[in-house]
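> Feature table excerpt (Swiss-Prot):
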type	residues	note
BINDING	His276, His337	heme binding site
TRANSMEM	24-44	transmembrane segment
TRANSMEM	106-126	transmembrane segment
TRANSMEM	139-159	transmembrane segment
TRANSMEM	174-194	transmembrane segment
TRANSMEM	214-234	transmembrane segment
TRANSMEM	278-298	transmembrane segment
TRANSMEM	309-329	transmembrane segment
TRANSMEM	331-351	transmembrane segment
Amino acid sequence: MQTNSSNSVPSAISDKYTQNHMPIAIWLLICCALVFAMIVVGGVTRLTGSGLSIVEWKPIVGTIPPIGQEDWEVLLEKYRQIPQYEQVNKGMTLDEFKGIFWWEYFHRLLGRLIGLVYFIPFVYFMVRKRIDRLLGLKLLGIFALGALQGLMGWYMVMSGLADNVYVSQYRLTAHLGLAFVIYAAMFWVATGLISPLNTHLSDPVSVHKLKKFAWMLTGLIFVMVLSGGLVAGIHAGRAYNTFPLMDGFLIPPAMFVLEPWYRNFFDNITTVQFDHRLIAWLLIFSIPWFWFKAKQLSLSYSGRLACHLLLLMLLIQAGLGITTLLLSVPLTFATAHQAGAVLLFTAALWVCRKLS
């Protein structure tokens, strides 16, 4: 009887902890949803060539959209001063300019909204003393990453305003990668508040090994996201629109045509796409193997469900990637592919959480 009572203590503490922190977890998950939307809108902004349509960074005044014809003419004239207009969109009409302007405008507006949705509840929870010191430091760290992301976004845009017609693929990849880091941090903290303690029916040693495997997969997915940023940055997806071979080659002959050799991994369309495919193939083989290993353990229902969702998202994301490639990067499928990357990453994080 005493044993049952003592076993119920950790459960009671866990339930109390979860109940106290549930509003904070919900708030963070809402922020995750907004960051997810931000990543998707950012993808559309890139795919439609809209990212350089606003050539100034005005965090406060920039919230107000153009109102009359005169405002629009001023914005278009500023756009005409950058290389992209001269070399890519020369002769663009005002209506055509509006089409690219609104995507960039809403992308920036969504960033400002995320800042408010994060900052205001954070201050509220701090004032109400709902956040302890450790959690407060984590949340402050996330806020700092968000501020850095705003600066990174403008730093990326600057790379396309002077000498280039597109933004730097390095800065684009850093901007995308930082968005995933912010998303992961908020998701991890939120899910930790919802389920801070997990118990497993399997032996701890096997679960620990599986957890290390899960983290390896999560890291590999993140590397694939960064690789996708490079693919997008140099428009590598519009070449080699065949599968599974690259225009008939397993290893294309143009892999190392640039000097010095390491430039090929960042600037060579052939090598950048090959690397993205290679990482995808590693995941295609690794995640089913992980799923098979997980099935051999007596995980909780939610743990098994997380593993099933990871495998399902892999299949969906692989299908979206292949379709996007074969159709030469159409807007709909390319956007879905970017959204799928977030969902696959989320599934991997959820698996890691359930194994913690």
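Glycine is treated like the rest: Cβ placed from N, Cα and C.
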> Before we move on, state whether the transmembrane segment (174-194) and the transmembrane segment (331-351) share at least 3 Cβ pairs under 8 Å, counting only pairs 6 or more apart in sequence.
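Answer yes, regions in contact.
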> Residues sitting near the transmembrane segment (214-234): Cβ under 8 Å, six or more positions beyond its termini, same chain?
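For the transmembrane segment (214-234), the list is 43, 46, 166-170, 172-177, 180, 266-267, 269, 272-273, 275-276, 279-280, 282-283, 286-287, 290, 310, 338, 341, 344-345, 348-349, 351-352, 355.
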> Counting only residues 6+ away in sequence within the same chain, which have a CB under 8 Å from the CB of His276 (heme binding site)?
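Expected: Met224, Ser227, Gly228, Leu230, Val231, Ala236.
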> Against the transmembrane segment (106-126), which of these stretches has the most C-beta pairs under 8 Å: 24-44, 309-329, 331-351?
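Between the stretches 24-44, 309-329, 331-351, 24-44 has the largest tally.
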> Including all protein chains displayed, how many Cβ atoms other than that of His337 (heme binding site) lie within 10 Å of its Cβ?
23
> Six or more residues beyond either end and a Cβ under 8 Å away: which residues meet both conditions relative to the transmembrane segment (331-351)?
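Answer is 36, 39-40, 43-44, 47-48, 180, 183-184, 187-188, 191, 214, 217-218, 221-222, 224-225, 228, 237, 303, 306-307, 309-310, 312-314, 316-317, 320-321, 323-324.
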